[in-house]
Amino acid sequence: MSIRVQKTFEALFELEEIRGIFRDSLPTGLSAEEEAAFRQRIGNLKAIVADLEAGTGTPKVTKIAGTLDVRSREEQYINIHPIQAAGRLTTEARKAIISYGDGYSTCDACRKPFRLDKISKPGIAEFHADLAKWLNMDHARVVPGARRGFQAVTGTLVNKGDSVIVSALAHYTEFLSVENAGGVIKEVPLNAKNIVTGEATAQKIEEVKTETGKLPVLVMIDHFDYQFANEHEIREIGKVAHQYDIPFLYNGAYTVGVQPVDGKKIGADFVVGSGHKSMASVAPSGVLATTKEWAPKALRTTAIVGDLTKRKFGIKEVELLGCTLMGGTLLSMIASFPAVKERVLHWDEQVKRSNYFIDRLLKISGSRVLSEYPRRHTLTKVDTTGSFDTVAKTHKRRGFYFSDELSSRGIVGEFAGATRTWKLNTYGLSEKQVHYLADAFTEIAEKFELPVTK
């Protein structure tokens, strides 16, 4: 680890030790013993900051709680991990975690009606309203990941034996959410370009109707899938669903938070997004948004009454099991939200950089793109069987040589040892970082005498 990065972490950790002194003290101030400990820690901090400024010193803290490594990949490397890119916390989110990391930190000023989305301090109620408006939906809730959004919708709409339409590239959590509700998965086949079309969706609905004698109860399709990150005919699919009067769930796990999403324009009855995948938030976090039509069902409140105590639980929402994100997860999402709203306006720039890198990769003979091309997303599946894998076949490190070469150039996030088909994501990289990334791949190719087109 770079000594300056190391010392930055040590300074942060030392400040937390100082913070602990205040937490253990009385409201009236520090005792003499605590004051001495405080001054000792301040001295330590000054020494760390001096090392940080000079770029000198040796590592003093290498583990957290004795077992956890200090995670510094975002500070030290260009990270192209396929699912980590858009979940990197903003500076404001990291500050929020420092301040709101305690368990029920959202609940300091919780008052009647005792529900998360009604809390005004901090501004959680306002955030929920802003979130719905931003997605052009009528209501929004935060959930522990997109998967819990799927689960809330399937729990509302799906009964045992009901059919649910999904993509042939659907994520496993979509499958599990249907299974959990007792439903049956019906997959829409892909066309030759690995795209789900509106026409194919209509055909699948007709097949289900013929086979079962009734229509599917839900159409749940990804805008961009997780395997290829291909863009599917989401608006056409929404229109088809409505023609059959079937509710449509728009899976925006790879869009909400990185590109503009207009739920009503898309024709979505439900919009589901991932906070930790695409909204610069701590995991597990996500969003579920819906319309006025479906809110009374999907966001229905409890009606159950205890037989002995006659207890009732007010306006807690059944499918969400009441309050959802009660601490740092939600506050990180709120803190990142201004930056997230701004960055979606620059999606085209991110896609342009993705295409720059892919264009450079394709100049290395034998490299292919398995995703649609030109790219419409920053997540891409590539095939380097004809390029970097030819080296792996005879290299003593096999495919791990490629990881070694990337790591030595400050690049991480590829699937270690993979030199055939693998995925990467350039989201959030600056222009100079994308150029550096492309140059690094070219350098590795040239080092091992792979043909490169200039």
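Using N, Cα and C of the backbone, Cβ positions are placed for all residues, glycine too.
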Matching residue for the pyridoxal 5'-phosphate site, where Swiss-Prot names ALA146, ARG147, SER274, GLY275, HIS276 - out of ASN136, ASN159, ASN251:
ASN251
Measuring Cα to Cα, tell me the gap between LYS277 (N6-(pyridoxal phosphate)lysine) and ALA146 (pyridoxal 5'-phosphate binding site) in whole angstrom.
9
Which of the listed recorded positions (ARG147, HIS276, LYS277) has the least company, meaning the fewest other Cβ atoms within 10 Å of its Cβ?
ARG147
So which other residues, same chain and not among ALA146, ARG147, ASN251, SER274, GLY275, HIS276, have a Cβ within 8 Å of the centroid of the Cβ atoms at the pyridoxal 5'-phosphate site?
VAL143, GLY145, GLY149, ALA253, VAL272, GLY273, LYS277, SER278, PRO284, SER285, GLY286, VAL287
Cβ distance under 8 Å to SER274 (pyridoxal 5'-phosphate binding site), same chain, sequence separation 6 or more: which residues?
GLY87, GLY145, ALA146, GLY252, ALA253, TYR254, VAL256, GLY257, SER285, GLY286
Annotated pyridoxal 5'-phosphate contacts ALA146, ARG147, ASN251, SER274, GLY275, HIS276, maximal Cα-Cα distance (Å, integer):
15
Cβ neighbour count (within 10 Å, all chains shown) around GLY275 (pyridoxal 5'-phosphate binding site):
30
